[in-house]
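Student: Would you mind keeping the following structure in view while I ask a few things?
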Amino acid sequence: MKKTVGIVGARGHTGAELIRLLAGHPGFELAAVSSRELDGQRVADHVPEYRGGLRYRSLAHDDLADLGLDAWVLALPNGKSEACITSLAAADGSVEPAADVAAAPPAGPVIVDLSADHRFDGDWYYGLPELTRGGYTGQRRIANPGCYASAMQLALAPMLGLLDGPVQCFGVSGYSGAGTTPSDRNDADKLRDNLMPYALAGHVHEREVTRHLGHDVEFMPHVAPHFRGITLTANMHLYEPVTAEAVEAAYRARYEHEPLVRVSTEAPWVSRIAGRHGVEIGGFTVSEDGRRLVVVATLDNLLKGAATQALQNLNLAFGYPEIEGIPSDSAPTPTL
Ligand SMILES: NC(=O)C1=CN([C@@H]2O[C@H](COP(=O)(O)OP(=O)(O)OC[C@H]3O[C@@H](n4cnc5c(N)ncnc54)[C@H](OP(=O)(O)O)[C@@H]3O)[C@@H](O)[C@H]2O)C=CC1
Ligand SMILES: CC(=O)N[C@@H](CCC(=O)OP(=O)(O)O)C(=O)O
């Protein structure tokens with residue numbers, strides 16, 4: 001029998017991508033989609049890939065538990081997840097926060113939170129599958145990593161043992177990364193012919209990567225006029241000299257069996273990652289003395305940076321193959 005999944009925040013950019021993915025998944029049934037703004041409207045009218053009769057509903061937090069679904073994905077802005085979680089936890093009888101979720105997992109639905117609210121919470125499993133799946137022990141509370149944070153961690157992980165001092169990461173995101181709530185960072189007029197720097201020290205993803213990789217990063221984000229896709233350029237100082245060839249070989253070996261990670265000799269281009277589900281890492285460039293390495297990663301912030309990763313995590317939680325329902329990147333690019 002299919003597992004039932006609901007999405008809170010389903011009107012948003014990431015929610016819409018998740019609807020598309022769940023619509024094509026053989027083991028999940030999209031059973032509820034919550035949006036205040038689209039209340040009563042047919043999902044199929046907004047997301048053509050979904051062909052069922054489901055309508056958006058403006059669900060009160062207390063309604064969520066009554067639906068008895070197997071899983072909920074929270075695609076809400078940062079700081080808005082707690083009321084949903086409290087309501088789901090109260091109904092399933094668990095006490096939040098659980099002292100040791102892995103040892104005594106609360107009954108009730110699996111919750112995948114796309115926001116930053118639980119990425120620093122040791123009671124939640126931090127789900128960046130390529131790096132953390134070994135630590136999954138059946139937790140039913142899953143924090144989905146940030147989009148830049150996913151690119152940074154996948155770009156840096158193979159070099160962790162050689163890093164000498166903080167890594168500098170220069171990030172450029174398409175403006176869908178800023179969500180749908182109007183701001184300078186998703187204002188088409190202000191972004192035209194522009195590259196907008198913001199949060200140049202202390203961005204939440206800087207802290208997220210530092211925490212989960214256990215190594216300091218210094219992150220400088222920017223937003224650009226394109227809609228989707230991130231370029232992340234990482235500057236690493238190393239204890240020992242390396243060659244570009246040896247580094248590339250190390251990345252290829254590390255990610256050899258990862259279907260969603262592609263290693264390329266050339267630096268990847270963001271224009272080629274839009275609408276694709278994986279991450280590309282390449283452009284391995286080494287300074288003359290061999291002790292400075294630059295690596296470039298690209299991913300689609302709405303897919304591997306959010307919805308695709310959420311589906312990997314749902315698959316893991318329900319025992320499906322990790323990339324079940326994730327289209328091959330050779331498939332045509334979807335539109336939004
Ligand atoms: N965009 C991206 O690239 C990425 C986003 N994320 C994270 O995922 C989450 C969702 O992002 P994204 O889809 O871009 O966001 P959007 O702004 O596009 O969508 C937010 C959704 O939440 C609902 N919503 C907004 N405010 C509230 C509120 N106060 N209470 C309840 N519901 C609300 C909206 O629907 P309605 O108003 O109709 O109820 C909408 O469906 C965020 O936490 C974001 O940080 C993570 C990785 C990448
Ligand atoms: C361009 C832009 O504004 N991007 C967002 C990142 C989106 C994301 O990954 O969301 P979380 O904050 O939930 O991690 C930002 O910098 O806040």
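Numbers here mean position along the shown chain, with the first residue as 1.
Note that Cβ sites are derived from N, Cα and C of the backbone, with glycine treated the same way.
What TrEMBL records for this protein is below:
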ACT_SITE  Cys147  active site
DOMAIN    4-139  domain 'Semialdehyde dehydrogenase NAD-binding'
Student: Within 10 Å of the Cβ of Cys147 (active site), how many other Cβ atoms can be counted across all chains shown?
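Tutor: The answer is 29 other Cβ atoms.
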Student: Average the pLDDT scores across the domain 'Semialdehyde dehydrogenase NAD-binding' (4-139) and report the rounded value.
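Tutor: Mean per-residue confidence for the domain 'Semialdehyde dehydrogenase NAD-binding' (4-139): 91 out of 100.
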